[in-house]
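Heads up: the structure comes next, in structure tokens.
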Amino acid sequence: MRRISLTSSPVRLLLFLLLLLIALEIMVGGHSLCFNFTIKSLSRPGQPWCEAQVFLNKNLFLQYNSDNNMVKPLGLLGKKVYATSTWGELTQTLGEVGRDLRMLLCDIKPQIKTSDPSTLQVEMFCQREAERCTGASWQFATNGEKSLLFDAMNMTWTVINHEASKIKETWKKDRGLEKYFRKLSKGDCDHWLREFLGHWEAMPEPTVSPVNASDIHWSSSSLPDRWIILGAFILLVLMGIVLICVWWQNGEWQAGLWPLRTS
């Protein structure tokens, strides 16, 4: 068998290292925008029936409530967004989405097994990697119970709680509703994410402590930090295996010269 010399294949190793760096960039370079809505079927006077929190890369920077129909900026990022033309559009959209979600809650309330006032928790999520949208989804919980997941990328529903099966069938039949969810998460959310990232990347460092978004998000398009670390570790191990194989075939392992070859 022809021996493969380490010095005769530098291009191969450089290409492998380049692919490794690209893979790591894709894994850790993702950005996300998350809108968390809490909708109440009934609210006391002076208390909002809709509240929303907006997270960029898990950092809370905007808050909204229906009582005054205003968006409150938080931290330096929130103040930067406040000074843009996007602010008015965002305020209007949050109000419209809140009203639409409240109508959905009224529609499904008879299917919720409780006589008490009901709440609907909704998370709209979008993600970008390598300059493109790689994730868009909606997650729903009724009265704190996780119920449904809608993947706007492939227009599919997942039932989390079997009691939400009827709700899922009702919404699935409404093609206009599905298109509405897709437009908001894959269209508007992704557009805002691109806009906000310009301000995020211009900041020297996050000025708002990371706050985890609602734990009702289970989209497979979002990679948890532990999986990013595990993936990077696996890639490094694979690189080590390839290098060992090259040195082994070059006969340096047996000669006791690995990894001290200088020529």
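One is the number of the first residue shown, and numbering goes on along the chain from there.
Cβ coordinates are placed from backbone N, Cα and C, and glycine is handled just like the others.
As annotated by Swiss-Prot, signal peptide applies to 1-30. Marked as region 'MHC class I alpha-1 like' by Swiss-Prot on the basis of experimental evidence: 31-116. Here Swiss-Prot flags 31-225 as topological domain 'Extracellular'. Positions annotated as N-linked glycosylation site by Swiss-Prot: ASN36, ASN154, ASN212. Annotation comment: Swiss-Prot describes 117-207 as region 'MHC class I alpha-2 like', evidence class experimental evidence. Annotation source Swiss-Prot lists disulfide bond at CYS126-CYS189, citing similarity to another entry. Residues annotated as topological domain 'Cytoplasmic' in Swiss-Prot, with sequence analysis given as evidence: 249-263.
Positions of the features from Swiss-Prot, shown on the structure.
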residue: ASN36; record: N-linked glycosylation site; DSSP class: strand
residue: CYS126; record: disulfide bond; DSSP class: strand
residue: ASN154; record: N-linked glycosylation site; DSSP class: coil
residue: CYS189; record: disulfide bond; DSSP class: helix
Out of CYS126, CYS189, which has the highest number of nearby Cβ atoms, where nearby means within 10 Å of its Cβ, if these are the disulfide-bonded residues?
CYS126
Could you check the glycosylation sites ASN36, ASN154 and say which one's CB has the fewest neighbouring CB atoms inside 10 Å?
ASN154
Rounded to a whole number, how many Å is the Cα of ASN154 (N-linked glycosylation site) away from the Cα of ASN36 (N-linked glycosylation site)?
22
Rounded inter-Cα distance in Å - ASN36 (N-linked glycosylation site), CYS126 (disulfide bond):
12
Based on DSSP, tally up the residues of the region 'MHC class I alpha-2 like' (117-207) by helix, strand and coil.
40 helix, 33 strand, 18 coil
